[in-house]
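Here is what TrEMBL says about this protein:
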BINDING   N74, R75, H169, S170, Y171, D236  beta-D-galactose binding site
ACT_SITE  H169  active site, proton donor
ACT_SITE  E303  active site, proton acceptor
Amino acid sequence: MTEVCNEERGPAERWSLRTGAVSVEILSLGCGIQSIRTPDHSGQSADIVLGYDDVEGYLSNPRYFGAVVGRVANRIAKGRFVVDEKEYKLAINNGPNALHGGLKGFDKAVWTTEAVDNGVKLSHSSPDGDEGYPGNLNASVTYRLEKNTLSVLYSAQTDRTTTINLTNHSYFNLAGQGTPDIYDHEVTISAESYLPVDDTMIPTGEVKPVEKTLFDLRKPVLLGSRLKELPGPGFDHNFCLCSPGDPPLERKCARVVHPGTGRVLEVSTTQPGVQFYTSNFLDGTLKGKGGAAYSKHSAFCLETQNWPDAVNQPHFPDALLRPGETYTHTTRFTFSVL
């Protein structure tokens, strides 16, 4: 049985979900995950996601710690796309591109909340023209904690054709948040291909097999040694979990192990991709929980989502939501110990 309770925290509500060994705190501000506490192999509990002690920290939250990002997670090339022969222009907030829904995306909204079995449902209405996107969009995200699995269920409907791509942007460190790096983590991603990117992090359009590349994570890889080999600052790439047009079946996509504590995170999703990001742009200037300075490679993200810039790349999975349709996806995070 999951214990569910909530409390007012200044500009937002905080909901606490607890089972025997796992506890999760959810904020209505940004529909975000503020903390996840899990035990290690000796029974010692630690918070394994980056973030802030106080709700006020999430008012700016420039790196999207724990937040749901939207309408469209990830990058849209040059902040432009065409729907029904009309071009839409978005705010440019990441080099020459649009990132994570704009200047005031879903991560900045205070979502409405209601209790559900074993969890909380958060809802947000985004009006036509919000951050440049067409259509009135009603979105909801439901977090459920059952035993040692946190399920995240996304849903949305629109009255005009629009583009949508929702994900949660939690940063994990299985040794405990505030630990300096993730080099001693072992990662597995069940993907046969990935998307190479240009120098502004937009997919080139190629769907490249991981075979005989540094992106082959199909067997456990120690992150520290792989990051040393990888050109550039680290991983910030979409791994393809299925082919465009495949049915949205739930599939296991990733497993991360921290041998030192025995903590294990397994991720499954109905989404066609997962963006694996190794916190390349954290630089120690952001102070988080307990005053921890979050530095480069101090966490990893597994952002389950559609492929980046899919609205501009016709051979990528469909990124449009039309009137009468329901956008729906599920992602599950399962926590265990070796």
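Glycine is treated like the rest: Cβ placed from N, Cα and C.
All features noted in TrEMBL, drawn onto the structure.
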residue : record                        : contacts (Cβ under 8 Å, 6+ apart)
N74     : beta-D-galactose binding site : L99, H100, N165, T167, N238, Q275, E303, Q305, P308, D309
R75     : beta-D-galactose binding site : N94, N97, A98, L99, T200, M201, I202, P308, D309
H169    : beta-D-galactose binding site : Y64, F65, G66, A67, V68, V69, A73, H100, D107, C301, E303
S170    : beta-D-galactose binding site : I33, I36, V49, L50, F65, G66, C301
Y171    : beta-D-galactose binding site : V49, L50, G51, R63, F65, G66, S279, Y294, S298, A299, F300, C301
D236    : beta-D-galactose binding site : V197, M201, Q275, F276, Y277, T278, N280
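The binding residues for beta-D-galactose are recorded as N74, R75, H169, S170, Y171, D236; their greatest pairwise CA distance is 18 Å.
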